[in-house]
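Worksheet: the structure to be examined is printed underneath.
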Amino acid sequence: MASEADAEQSYVPQKKKSESEDDKRRKKIVPGSLMKALMRPGGGESNPSDGDQIIYHCTVRTLDGVVVESTRSEHGGKGIPIRNVLGKSKMILGLLEGIPTMLKGEVAMFKMMPQMHYGEEDCPVPAPSSFPKEDDLHFEIELMDFSKAKVVSDDLGVLKKVIDEGQGWESPREPYEVKAWISAKTGDGKVIMSHTEGEPYFFTFGKCEVPKGLEMGIGTMTRKEKAVVYVTNQYLTPSPLLPMIEDYEEVHFEVELVHFIQVRDMLGDGRLIKRRLHDGKGDFPMDCPLHDSLLQVHYKGMLLNEEKTVFYDTRVDNQGEPLEFSSGEGMVPEGFEMCVRLMLPGEIALVTCPPDYAYDKFSRPPSVPEGAHVQWEIELLGFEMPKDWTGLNFQEIMDEAEKIRVTGNRLFKEGKFELAKAKYEKVLREFNHVNPQTDEEGKVFLDTRNSLHLNVAACFLKMGECRKSIDACNKVLDATPVHAKALYRRGMAYMAAGDFEEARSDFQMMIKVDKSSEPDATAALAKLKKQEQEVERKARKQFKGLFDKKPGEIAEVQVEDRAGGEITGENQKNDLSAPFLERDDSQHCNEADGGQYGMGWFYSLWPSGRRIFSALGIDKCTIL
C-alpha cells in the first residue's frame, strides 16, 4: 500500500504539447496520397528535422513527364536551389512530410495527389500561375544539404549556419568596431565579392557599412566563429562593402569574425565613449568592478585638441605609482568611474568624455580649461571587492556598517547626495540578512537601521524628492511610531511638498512624544505658519479678480516672478549629525515634483476649489 501511495504522489501528469499547424495538416494525409521512389541514395545516417535548414533542387512534372516548373537551369529555372527551415517555412504538405525521410545527397521522386501539393485546402503556399494544382504530379527532389540554422530574422530573411564555433559569449553590437574576413556568393554559387586577403575588413557596427542582413548575422557571432549568413534581397542594403546591389534574390556571405573592439556609448548620446584597446582577463561583466571597490589604475589624461596635450600621467607625474581610489565615493570624475566599472583587470581602454562628466563638476587640473573635452587612456591593474559580511558576527557587521555610514555622511556634507544615499541604501540591503540574537543587539540594530532610513530621507529631501523622503520616514515610524526625529523630518518633507496640514500634525506630535524636541517643533511650526502666509499672499495676488468677471469671462492670471517671492531658509551646512534637518528644501521639492503638488496647499485652504476649477476647465492650473 505504501509503495502505491508513493507512486501516486510521485506521478506528475505531463502537459500536452500544443499541436502545431503542421501537425494538424499531417492529419489530412490519407494512404496512397504520397508515394516515394528512391532515384539515388544519399549518404550518412541522419535525416533533417524541425529547426534544420534544408537546401534542395525541385523539378515538378506531370505523370507523362512534362516539366511544369523547376529550380534547375537545364529545365528553365534560375539554377538557385530552394532554402527552407523545417517547422518554420511555409511548405506544401508533400514536401513537409517527404523531405524528413531523405538523406543528404539523396534524389527521390514523390508522387503526390492534389491534396498533397497546391491543391490542399487552405494551402499556406500560393500556387504559381497556370499551375495544374488539380492533377497528380511528380516532384523530383535532390536534398543537397541540411544543417542546424539560427533564425536571425523572424521572416527567415536572414539565417546563419555555423561552420566553426567561436570563443566566449560576447557578440558585437552598436557601436563596436569589427574585423572580419568576408566573401559573398549568389544563390547559384557565383562569387560576387571576396575580402579574404591582406587585412580583414574593418567596419563600425550600426553605421550601415555592410548590408543590413549581414550585420544582423554578424551580431549573433562570437570571436573566431566561422559561419555562412544567408541573406535574402529585402535585407541586401547598399553599403561600402557591397555598393551595387543587383537583382540578387539572395546572397550567401561566408564570414570569419577575426576580432571586435568593445565600444560603449555610456550615455546613449555619443558623448561619453569607452573604447577597449586591450582585452582584460575574465568574463564580462561578471569580473568587472560593478560594485563599490578599491581600484588601482594607471591613466593618462589628454585634451581633445590637435596636439592631444597630456595634462596628467600617473607613470610620469605620480612617480610611477598607480592611482588608488574607492568607487562610489566621488573621488574621480563621474565619466572616469562609469567606464572603469565596466573594465576587466588588465584591460586598457580609451575614454572620450564631455566636460560635464569630466572636470566641470570636479576639481580641475590647472592645465585643463573650463568646458574642455578630455580623453583618458586607462589601464585597470586590479581591484579589491568590498568585504563579504557572510560569517561575520553581529559586532563585526555593525563595525562594517558604521564605516560605510561614515563615508555616506562625508559625501552628504560634500553635497554628493546621490552617492551618500547609495551608501546608506547599501547597508540597508545588507541588513535584510542580519538577525540580532539578543534584546541588546536588537535595540542597536533597530536604532542603526532607523538612523540610516532617516539619512536616506535627508538625501531625498536635498534632492527635491519629497514623496520619497516621506516614504523613507514612514519606514522608521512604522517600526517606532514615537520617533521624534522621523516626525520632524517627515514634517519638513510635507511642508516642502505643500501638504501643510500633515506637516503641522507631525510637528505637534513631536511635542507630545518628546518634550525635549519642543523648541525644534515650535520653530518648525513658526516656519510653517510663515510659509502658509506667504503662499496665501501669492495665491491672492495670482488669482486676484478671477471670480469678479461675468459668466464666461476669466480674468488673466497675474503671475508673480518666482524669484521675487521665494521663501528661503538659513544657508546652513549639510550636516547629518545635527538632531534635525533645518534647511528649507521646498524649492528643490517643487522643482523635482514638476508641479504635482502645486495645488495641494490651495485645496487644503479651500477644499471646494477643486470642483470650481474643474467646472471652469482650469483644473490643471498650477500655482507658480
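From the backbone N, Cα and C atoms, a Cβ is placed for every residue, glycine too.
These come from TrEMBL:
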type: DOMAIN; residues: 51-147; note: domain 'PPIase FKBP-type'
type: DOMAIN; residues: 175-261; note: domain 'PPIase FKBP-type'
type: DOMAIN; residues: 292-384; note: domain 'PPIase FKBP-type'
type: REGION; residues: 1-50; note: region 'Disordered'
type: REPEAT; residues: 484-517; note: repeat 'TPR'
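Under DSSP, the residues of the repeat 'TPR' (484-517) split into helix, strand and coil as follows: 31 helix, 0 strand, 3 coil. In the predicted model, the repeat 'TPR' (484-517) has a mean pLDDT of 95. Sorting the domain 'PPIase FKBP-type' (175-261) by DSSP state (H, G, I as helix; E, B as strand; all else coil) yields 10 helix, 39 strand, 38 coil. In terms of DSSP helix, strand and coil, the domain 'PPIase FKBP-type' (51-147) has 15 helix, 37 strand, 45 coil. Across the domain 'PPIase FKBP-type' (292-384), DSSP helix (H, G, I), strand (E, B) and coil residues number 14 helix, 35 strand, 44 coil.
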